[in-house]
Amino acid sequence: MKGLLSLLLVGAANALAASYEPRSLTEDMLQGKEKEVWDAIKGEIPGAQLDDYFNPPTAHQREPDEKWDGKLEGKSVNTLWVEEGKDKPSGIEEYGMRFKTVDPSSLGVDNVTQYSGYLDNKKNGQHLFFWFFESRRDPQYDPVILWLNGGPGCSSMTSLFMELGPARVGQDLKLTRNPNSWNNRASIIFLDQPVNVGFSYGKSGAFNTPSASKDVFAFLTLFFKKFPQYALQDFHIAGESYAGHYIPFASYPPMACGKGGYSAVLDQPTCKAMEAAVPQCQKEIKRCYDKPTDVATCVKGAKFCKDALVRPYSRTGQSIYDIRGRCEDPKDLCYPILGWIAKYLNQRHVQKAIGAEVSHFKGCSNHISSQFFAHGDYNQPFHRKIPGILKDVNVLVYAGDADYICNWLGVKEWTEALQWPGRHIFRRKNLSVVYHSVNKWPLGRVKYHNGLAFLQVFKAGHRVPYDQPENALDFFNRWLAGEWTP
């Protein structure tokens, strides 16, 4: 089995009624962990507002089961959950899946077989939306991809209609076929997570990363049980941004100050101040690593590092997602197309065609991102999970060379710092130029060893398939074919 890098993000929720309209939160409504987190936030962030960190559930209207083409109950599936090398009850009986066949002619996204629906966590009231597209080539043999967006708090529908899906949305809200869609040679599942992102919903928002894996495990178990025709192919998990999760803060000063391949954005005094803040930032992060359950410690560290190493760049007006230009549209994360996608998906005929139960779609949720920050999730050492993954799964980590927030210097650094048997050989290897397999132009630089590969993609920002669609499809297909995996 091969796999692209991703960390799974889904949160916890409480019991949920069939329909819900949100109301404002007050401090007296917070209990347990939420109250602990809010106390930590107030202590570290003067003037913090409750609504910035704890959002009510997304408004929704659940459709009756008979409106769906089918459903599958978890209790009909016999499986185990493996945790720390031990078999444990999977809890799959707590889940169910509702689905429908999407008529390709209804929206014109693509003419391939499509399914959409919801994974339902009956115990916690989570409902995660998915949209599946069959491969354009040979779905019987082509691999299956699970795509997860980052943020945290951005819908995978944004990547579907902006980057690697079968169609792109224009300013006029019309669709154009994407000739460089990743479903040219693979079937793709786009999953909206965590809860209250995109078309997913639940009574309580997501707070951190670790609660994700069981929900995604349940989704995949039920999906492949219901659609066994896709269960025998190679399977990959792919994602971007926060899906990769960890970027060393020490990489920000050199990237902003002319050492990442592009001209400096900041002046020398600011660069020196940022460099001077790196040791303290690293100390704060280590404190969080040493006490990962201490929310106040992790929040304090994340705030210090963000204030010292990210805000100086943000204040310039330059896009944190592409060092080559200004932020065109701050309300849509510097990408105007995100606003077009939201308008397209908020059309009633679109929502009806895919069975969406959330009437107001937002591409990215600042509330979700703030919640993850508030729970200290930003500084958690999840990259330490990668060595265990490398025992069984090949991992490709790619980064656009013009991205600031997840810059290639930092991504390369953490791949070289991983504690795994191939570390020393991987570190010693130099980056070598990769050429497009057909057009023969240089698309990036790569290094790889024993199942781990790092790829620096030329002339690309944060969203690589958006900036370099041909090159992204080329390296994606080559990875699927087994290149860079020895």
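A Cβ is built for glycine as well, from the same backbone N, Cα and C atoms used for every other residue.
When the candidates C305, C334 are compared with Swiss-Prot, only one is recorded as disulfide-bonded to C327, and it is C334.
Take the candidates C281, C288, C298; Swiss-Prot pairs C305 in a disulfide bond with C281. C298 is paired in Swiss-Prot with C288, the candidate among C271, C288 named as its disulfide partner.
In the three-state DSSP scheme, C298 (disulfide bond) is classed as helix.
Cβ neighbour count for C327 (disulfide bond) (all protein chains, 10 Å cutoff from its Cβ): 17.
Between N111 (N-linked glycosylation site) and D403 (active site), the C-alpha separation comes to 34 Å.
Around the Cβ of C406 (substrate binding site), a 10 Å sphere holds 22 further Cβ atoms from the protein chains shown.
Each of the recorded positions N111, S241, N430 was assessed for Cβ neighbours inside 10 Å, and the highest tally belongs to S241. Within 10 Å of D403 (active site), as judged by C-alpha distances, no recorded positions are found among C281, C288, C298, C327, C334, N430.
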